[in-house]
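Peer 1: Per Swiss-Prot, the features are:
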type     : residues : note
CARBOHYD : 338      : O-linked glycosylation site
LIPID    : 191      : S-palmitoyl cysteine
MOD_RES  : 37       : phosphotyrosine
MOD_RES  : 56       : S-(2-succinyl)cysteine
MOD_RES  : 158      : phosphotyrosine
MOD_RES  : 185      : phosphoserine
MOD_RES  : 191      : S-(2-succinyl)cysteine
MOD_RES  : 268      : S-(2-succinyl)cysteine
MOD_RES  : 309      : S-(2-succinyl)cysteine
MOD_RES  : 467      : S-(2-succinyl)cysteine
REGION   : 277-296  : region 'Linker helix loop'
TRANSMEM : 91-97    : transmembrane segment
TRANSMEM : 103-108  : transmembrane segment
TRANSMEM : 180-186  : transmembrane segment
TRANSMEM : 191-197  : transmembrane segment
């Protein structure tokens, strides 16, 4: 079963935000961090096919302004009662018999049920508050250390302006049951008969605390000589203005060009993907476009010698099993472009990083860009999916899931519409059902799955994770292949 918290968030946002202005919170752990006036950074996406992520920086707007004072009060909107229930059952039976011969009969039933009842309300900052706030206060000097770091990396910074929160503690329960029975008889001199039955029940309960944020809206900060707040963010506007043009810095052979701060690793990746083609027309927004994007990235990996590939794979397998190592590696690569040489890391993250840098500590673009893309895809996936990818990498069974995910992405077009697809037996391998690796990989993406008659119910919200899963499988599989 997929994340119960994410399912609740998805249902609430569908009902209360038809304009698509709210950003869903993706984990219960981070749900308390998104509060009005809190500052967040927008982590650029490594692909056109999944959305950027927002990350709290543990600062409030008051931390970067002076004179020091509490934030103005927020407005509380009216409460909405949300109730969502699902109860479904599929059952069937079969009997095979011939006169005077063996008889075999069996039956099975599968049921799913869940229910959620909660009150949700909004907290928002009055738009007029920003004008008053910026008139009465100004940027703190010297600039806050965290802002200095974000400036050096060229990150865009936003402030949370509105949130949807739970009014009381909510318990979400989802149950999945399977039952089966069978009997047989073998006539003859000695009649042999037998029967059996069994059941399996899974129950997942998640408690969402009172005041948990389910979704939020943001405004963009623009920091120059003073602070401005853009209530309608402009994709072309940067929080920190780049240095004056004409500034040149030296480069070293095989290393990243030392570009002015503000040209982040992710922007270098996008430049690499487009290769002179306008961003809007780089790739079509369908499976063919996704496959073309992944192939563009993987071309660099095909040139690596087997020894380096093996070292990289061993490090990546370790990173997939260690969430802290994954975050440390992502952070190091993000800083590597704008801050110069990267600091060495320990453990599996360090093993991967050693494959991507020169002795000077500078990143090698031909190696770093594909890994940055891969990490961007991996961060879209859950910890459970990471562990399954590590196991598939170890057992060299990546191709089966890759073909299955690719087939589903191709069949489900257009991705913006719900649909139901049958699964060809040839793509399912030896097992399909609750707990099977392929089942769990898809279930964690937010898809509804059918077992007895294998099928998938496509949900538009699953697009980002499914595309990221395909990219992860394709790149890991490509690294694992022997050179042609």
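Backbone N, Cα and C atoms are what each Cβ position is placed from, and that goes for glycine too.
Thinking about packing and proximity, how do these listed features fit into the structure?
Peer 2: Sequence-distant contacts (6 or more apart, same chain, Cβ under 8 Å) of residue 37 (phosphotyrosine) comprise 60, 61, 62, 71, 74, 125, 159, 160.
In the three-state DSSP classification, residue 56 (S-(2-succinyl)cysteine) falls within a strand. All chains included, 15 other C-beta atoms sit within 10 angstroms of the C-beta of residue 56 (S-(2-succinyl)cysteine).
The Cβ of residue 158 (phosphotyrosine) lies under 8 Å from the Cβ of 39, 40, 41, 42, 54, 218, 219, 220, 221, 233, each of these being in the same chain and 6 or more residues away along the sequence.
A C-beta separation below 8 Å, combined with a sequence spacing of at least six in one chain, links residue 309 (S-(2-succinyl)cysteine) to 301, 479, 480.
Residue 467 (S-(2-succinyl)cysteine) falls within a helical segment according to DSSP.
The region 'Linker helix loop' (277-296) scores a mean pLDDT of 75 in the predicted structure.
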Peer 1: For residue 467 (S-(2-succinyl)cysteine) and residue 56 (S-(2-succinyl)cysteine), determine the Cα separation and express it in whole Å.
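Peer 2: Roughly 25 Å, rounded to the nearest whole number.
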Peer 1: How many other Cβ atoms are found within 10 Å of the Cβ atom of residue 467 (S-(2-succinyl)cysteine), counting all protein chains shown?
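Peer 2: The answer is 25.
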Peer 1: Translate the DSSP assignment of residue 309 (S-(2-succinyl)cysteine) into the three-state scheme.
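Peer 2: Note: residue 309 (S-(2-succinyl)cysteine) is helical by DSSP.
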